[in-house]
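> There's a structure below that I have some questions on.
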Amino acid sequence: MKKPDIRKQRLLISIEKKLGKIKQHQRLIMVIDKPEDIFYYTGFWGEGILIIDQDLNTKLIVPRLEYYRAQTTSRGCEVIPSERGKRLTDSISKMIKSKTMICYGGNDYMIATTLTRHIEKQNFHIAEDIVQKNRQIKDKQEIEKIKIASKIIDRLFTIAQSEIKINRSEEEIQSTLVYEALRMGARFPNYQFTSNPLIVASGPNGSFPHAETSSRKIKNGELVVLDITLSYDHYVSDATRTFGVGNVPKKIRDVYCIVKDAQESAINRIKTTNNFAEIDSECRRIIKKAGFGEFFIHSTGHGVGLEVHELPWIRPNVDSTIEENMTITIEPGIYVEKKYGIRIEDSLWITSRKSSNKKSETIDHFDPFNFHNFDKGLIVI
């Protein structure tokens, strides 16, 4: 069986688990519109609407300007050209009958309105969470692409060591790293909450977790937070290192060690639990014990894959369990407003160790594989 069909089959099984078995004489179609999800099932990344029925028959409706590219790059689907806008969404209505059950795996208001216009309310189901969860478990090819992206990030950290200097601007460092990343075959994924391809944040700018890289020049004794998110063949790796420049005060060096200890402890906790909330709790416990709990202002981590931030989330009170072949980040940070920021982040692959009992197929414990080899000690330049 081809890989796209395996993914579609897994999606159908997940939907049936949530909604129950499809009734006789009832037709199910799944409607997907996010580029990441369309790519996951077809290999085409672009504007379009993907329709999958319960027999896994698949139609990809695209604007006419994307028709040839979609035909060239997609697999396992029939590509249908259409006009953009309302005509594109109206193309779906031709496939809907009165007893059709629709599972919509997107968040586009126009598409949702078009779908609900043609069926009874009880036959319309929002399935965005199911579609997202279906991408959580990565296969070998996906893992390999994340590995390559991670190796490029590590090379960029090495280059950064010679680029980060007193009186050098954040933008100058960023431009060099962007050029080198592209030269090595990486791309920068879209992320809606920052306009920067990567984050270079010096001194007080480092206290903003999603800082805007600026023309500010680095000063002696400061920290520089370097957050690099790259994709290779659409798959993302995300890592952060914090560098010191010149005479970094001992007090700040000590805070760096707190963050480093928190990250290492959280990664090790993966081996002894199957709950992401406990990973987050372990990270916060160490930072809070050191007196900096109020300065850790974001989640401990998130999933990475076709998106920079995707399921699972690693944060307080989250009800999600660790599974083999998930890819996640662990990224504690301490941010002191108007002074400095420290973050250490790695992308990890959740592997597992089976029980030593040869007759048992149960997982003894999970084993985090770090995609990154670049030093996590404070490198002072």
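FYI, residue positions are counted from 1 along the chain as it appears here.
For all residues, glycine too, the Cβ spot is worked out from N, Cα and C.
It should be emphasised that the depicted structure is a prediction, and the values quoted were computed from it without experimental measurement.
Just lifted these from TrEMBL, have a look:
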- 21-137: domain 'Creatinase N-terminal' (DOMAIN)
- 144-351: domain 'Peptidase M24' (DOMAIN)
> Mean pLDDT, the domain 'Creatinase N-terminal' (21-137)?
88
> Per DSSP, what is the helix/strand/coil residue tally across the domain 'Creatinase N-terminal' (21-137)?
43 helix, 30 strand, 44 coil
